[in-house]
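Enquirer: Let me begin by handing over the structure; questions about it come next.
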């Protein structure tokens, strides 16, 4: 079996295709967005490979696995078990970190449990149990002839007169003791003060160091250890200031007796009570009510709403503030910013133990007076948040919560014991906070000796291999402690790719979805090397990809097309790259051979130095106090290697600031910055990302772009509708009236099958048409509402040609290249690139003010060369209306057509975070330090 044979694949828009795919090769599936690549790779090959594997398990085991639908295909032969690595499923678990996903943290736990050296947190002394012979050897290694004495500590820093203890020691035959640092005779001990802390150490032996002492010393040490319960001290008799030797036979600190249980891997897990920090339960952050969120606008007064919910309109809380104002003599009508720091403290944190006279008035106007301390706004919110059972109250209060690093563990997630175990003077949190590249250097140079080297050998190999795979997929800038929630789709996918290589499976079919997303051209070669490595192990690697380098590196290319949606679903060309380039119908072939290409603009829009948006002092994550200057009215690209700080600068700093100031949103805090100027040039900010346009099957392009409302109004205006008294609501499948009630307007009915995937069957009342019979009797230009929803955008544009409002909105959907999707197509079936273009179309169809700031993060994800051309046309159109466009992008075709480029770098992670160069593409291409410049220069020729 050296090939996979597919016969009669009809999944989604595939048109009954037959294919022969070579096994154990690197196969790239390419084609326009929406042409059917994912339908072939994921919904046919992967789904069937996965289903066959799961079918072999028992019915009991199957119910725990999410089964995929059986693809609509006649026959597939030669499949192996399949593993898919997609972008979608990043973990939302706050306990997941890069270290735990890649299993590096598990190996680190093992390493620290087996070769770690525990130390006392207070005295930094290694906790090591010593044998008597080790103690004797240590003493004998001192200079010969040195006068020493051996002491047994009996009492450490305890109050009391201790007369009984001293009498007992004398009766046991001991002659001297050192009491509070002074050696004295036990026959006449000093009188000790009752209220002072004392330390008593018995003198067991006094000697001069010489070689034949070992027998006598061994006996003395045994006596001392028995008397003191495991500790002994050796002091210099001639020099009181000399450092004393401390010995312990217990696994404990010889100074304070701090001891630890035996080291085991779970002690180093922040997901296990044994190792988690008790304050934050191993999350590394604490939630708190943030005064900056509670006081949204310090220029307002308390009466005017400085604290939401405590102003004049909320009678109960406001009368408390008035009583407080009387007591502390401040004015509730004065702006919050003008009140003293003490008043701020009392209002937010309470009056402590000080009683305040509160006047309460009830609904009938009766006043009662009570005296009690004021708990403070923040404490009041915290208490209500903990006590309430209403989810609405909790959601309302959650808006005022921020996270800060846990004070006890300083964000390391581990308890005190785990933080004080060292491998070569480095504790576990220090390794977790290293970037992956730095950690790799650390383990390469780690030299353990003797038995510890043997124990750690295998563990270190596993850690080293996994770090190397992460570096090879371009993730050397991530830290192991980075939370999985904060990873981008491309990063999460490449981490899973690295863990798969770490698993070293053979004979598997891997299906990957655009692994090059979010990856700079520089890191692309390493990623392709990784894919080739997977193939060389003996696996079939199928990649859905548009990247030119990936297509050139493939053993076998499958080009799906010729168009998208209903116009696609056929194999236009397949075989090695030369064969693809020889097929004139293949768009991919034409772009690869250079017959078609995305042109560099003849002239660029010049920047106006008077109109700029200037953000100064951005310091989030790895940004090094940068100043970003964006020309207004231009198409700007933000570039730089992965992890250089592009998303932090734009998505975490610029976008939240603009959203708060322009859109009045009360969303997440922007990353730290000093100042922003130039926002007055804009009236709103819009982020166009690839998140789904709706999460339910009821959401569709028609409802999202606002086409559906005028369509329903047209149907309601038909004479037949008016005579029946139908309103536009009659033609909605979301409300009662016109929809089919058997399936509630879904058109399908979900049947839950245990052990098998849920099946959706067409509703037998409306036959999948979503409306009842009466509604479907109304026709507009000979079509029912169901038939209109079933039209593609192209057909609908022609059909509604005479209705300008509709024609304009549909035209914008065509402008962004979505000719093939259906008006009523469920939002859940759209790809990320399609969802993004539906959003773009909605923006284009609005009557623009020409003062919008658009932010796009990697809009070329999932787009073919021809789709990118269309996207660029749309973005240039938005720019020509006067809008400002900021795009984070790695795709050189987009970068070379930009008016302005801001390049961050030079490296990722701690090696990045600076703006290297900003200017036109021609200026940037000349920058020596920039990695982007190196790849951009040849494109501009």
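Every residue, even glycine, has its Cβ placed from backbone N, Cα and C.
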Enquirer: Pick from 686-712, 713-739, 740-766: which range has zinc finger per Swiss-Prot?
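Expert: Going through 686-712, 713-739, 740-766 one by one, Swiss-Prot flags 740-766 as zinc finger.
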Enquirer: If I go by Swiss-Prot, the feature zinc finger sits on one of 197-224, 225-252, 253-280. Which?
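Expert: The range carrying the zinc finger annotation in Swiss-Prot is 253-280.
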Enquirer: Just to be sure I understand, if DSSP states are collapsed into helix, strand and coil, how many residues of the zinc finger (740-766) fall in each?
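Expert: The zinc finger (740-766) comes out at 0 helix, 8 strand, 19 coil.
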Enquirer: Would you mind checking how many other C-beta atoms are within 10 angstroms of the C-beta on residue 640 (ATP binding site)?
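Expert: Taking every protein chain into account, the count is 28.
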Enquirer: Using DSSP reduced to three states, classify residue 640 (ATP binding site) as helix, strand or coil.
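Expert: The residue in question, residue 640 (ATP binding site), is strand (DSSP, three-state).
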Enquirer: So which residues does the zinc finger (740-766) touch in its own chain, when a touch means Cβ under 8 Å and the partner is 6 or more beyond its ends?
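Expert: Those are 59, 62-63, 66-69, 697-698, 732-734, 772, in sequence order.
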